[in-house]
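Per TrEMBL, the feature signal peptide maps to 1-23. Annotation comment: TrEMBL describes 294-316, 360-384, 390-415, 427-451, 463-486, 517-540, 546-574, 586-605, 617-635 as transmembrane segment.
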Amino acid sequence: MCSPHRATCSVLVIFLLLHSATSFYLPGLAPVSFCEPGQAGKENEVPDCKSTIEIFVNRLDSVESVLPYEYTAFDFCAIDSEKRPSENLGQVLFGERIEPSPYKFEFKKKVDCKPVCTKSYNTNKPEDKAHLDFLKKGMLLNYQHHWIVDNMPVTWCYDVEDGQKFCNPGFPIGCYVTEAGRPKDACVVNSDFNDKDTFYVFNHVDITIHYHVVENEAAGARLVAAKMEPKSYKHTKVEAPDCTGGPMYLNNKFSGELKIGYTYSVQFVEDKHIRWASRWDYILESMPHTNIQWFSIMNSLVIVLFLSGMVAMIMLRTLHKDIARYNQMDSVEDAQEEFGWKLVHGDVFRPPRKGMLLSVFLGSGTQIFIMIFVTLFFACLGFLSPANRGALMTCAVVLWVLLGTPAGYVAARFYKSFGGEKWKTNVLLTCFLCPGVVFADFFVMNLILWGEGSSAAMPFGTLVAILALWFCISVPLTFIGAYFGFKKTGIEHPVRTNQIPRQIPEQSFYTRSLPGIVMGGILPFGCIFIQLFFILNSIWSHQMYYMFGFLFLVFIILVITCSEATILLCYFHLCAEDYHWQWRSFLTSGFTAVYFLVYAIHYFFSKLQITGLASTILYFGYTMIMALIFFLFTGR
């Protein structure tokens, strides 16, 4: 379709990808209309609209711990009668546990200091003391609530430096003032939080719902923002609170009886400027990373242009001239005077050592490459946005399961071209080697999460379902792909391989395997390290990631950079008469994963405040999984 106007189509595609990073239209999500009580369902009024607004609560997490916990683990106000919303596979893998809450109110009905529940504790009772200690631990580690209204996060917006406003899709359960009198985390927002070695509980929330009335349609109003401000009140009358007085404090050495009353207030504000389709913009605009993203893109493009120029120079000048001269030779004596890569033409297609393992890595890398490409493409179209919770991970897992056929086919084709005959071993290793390592690591991490009682621990039924997907769908598809790969005629090489291997001369330092592999991963990593920072922030600092247009472009640039860097270094090594290029070409770009691992270690010590042995083990356990996947993807 784009062949007559390829340049115009390319520019259009790039524009659409970049536009998706900011426009945030969400296909497949229908708006919900709200109206005042008594109007719902009336004729000539507002049909198909809701009057009750419900708040759903998600799991609580912290930047100081990798362990998320369910809402009920902290003994907050909860209801047990209502059914929890169903969660997809991606939400379960990320530890999301959405459940209904007792925070419910009517549309456009103002609420002032309404009590929700009262929690009573007696430190002389072991169960109450355990609940209170766990609550204090949550405040000490700055655990954050995550509330949801109309599939939209309830945000806590506050001023930061340079007069800017930051909207956080979470708010703390409380804060702590140290024994030295230094307020930690959210305690800095209130000067009344000044007692030493004391916890302050945010037991009250002021909720502000912004809505937009749809004109020229009988559709009622649509919610476009939900903001809140956490507060702390020590209610003098817990049964009839008035939200006045000092903060709700809890001394670290407190003993005896304690009552914590939870309350909330609600007000509604009409907003005529924000449309429903752009209601996430105020959250995303408080993360001003666009300039940095453009810098990352330009930096990557410079690297690509440099490598492209080098490859073009080699192809158009050196190779073209050498091949032309080689074709004009009149005698064998002239050929004997040649040197460099032309001398190894009879050995360049010699099967590599450990060809079985290399073919398995190539098959698994192909599977991961296609999975990432398709996932990012759908993300650019808006189908895998943050509003579709868990959709990104669900899409990736389903694609990986369904892409067993390309993995088996590629592994079989390469193994056959290497002269291998143990096709059963090849297929089994393709099915189980790399996925088995990932699953074993993941299972060990899951055992730690089970032991810690975290909500991120995968239920046994989900674990069985993933194994069923792997064994019942992915493995048979891999066998089918391998069948067609072995059945097809082997790859024909343009020259015949010599029977006696040529002796490789002594190599200089720069043409040896290890220095070349180490240098080969630098340029691809330079293309992605800025984007990598935002991805790690999204995973470990619980920040929202939405710039899939930029990420897709960086992905394309990374693929080009890995390919060109590998071509360059392979050419230099062949010129040094070293014909062992297969493993070297895989490891040259695959070594980018080692730089990724080093950067993740640096990120852990310089950017995160993670404490505890379990959280540290979980961080590096999951990082090893990401490094292995990245190694297979870039090496391929």
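Every residue, even glycine, has its Cβ placed from backbone N, Cα and C.
Predicted automatically and left uncurated, TrEMBL annotations should be read as such.
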Q) So are the transmembrane segment (546-574) and the transmembrane segment (463-486) touching or not, going by 3+ C-beta pairs under 8 A with a sequence gap of 6 or more? A) no
Q. Which of 294-316, 360-384, 586-605 has the most Cβ pairs closer than 8 Å to the transmembrane segment (617-635)?
A. 586-605
Q. Per the 3+ Cβ pairs under 8 Å rule, pairs at least 6 apart in sequence, do the transmembrane segment (360-384) and the transmembrane segment (294-316) touch?
A. no
Q) With pairs closer than 6 in sequence left out, are the transmembrane segment (294-316) and the transmembrane segment (427-451) joined by 3 or more CB pairs under 8 Å? A) no
Q) Counting only residues 6+ away from its ends, which parts of the chain sit with a Cβ under 8 Å from the transmembrane segment (463-486)? A) 89, 397, 400-413, 416, 423, 426-427, 430-432, 435, 439, 443, 446
Q: Report, as numbers and ranges, every residue of the chain located at least six residues beyond the transmembrane segment (586-605) whose Cβ falls under 8 Å of a Cβ in that stretch; write 'none' if there are none.
A: 358, 361-362, 516-518, 520-522, 524-525, 528-529, 532-533, 536, 540, 562-563, 565-566, 569-570, 619-620, 623-624, 626-628, 630-632, 634-636
Q: Please give the sequence-distant neighbours of the transmembrane segment (517-540): residues at least 6 beyond its ends with Cβ less than 8 Å from one of its Cβ atoms.
A: 63, 66, 289, 292-293, 295-296, 299-300, 303-304, 307, 547, 550-551, 554, 557-558, 561-562, 565-566, 569, 584, 587-596, 599-600, 603, 607-608, 610, 619, 634
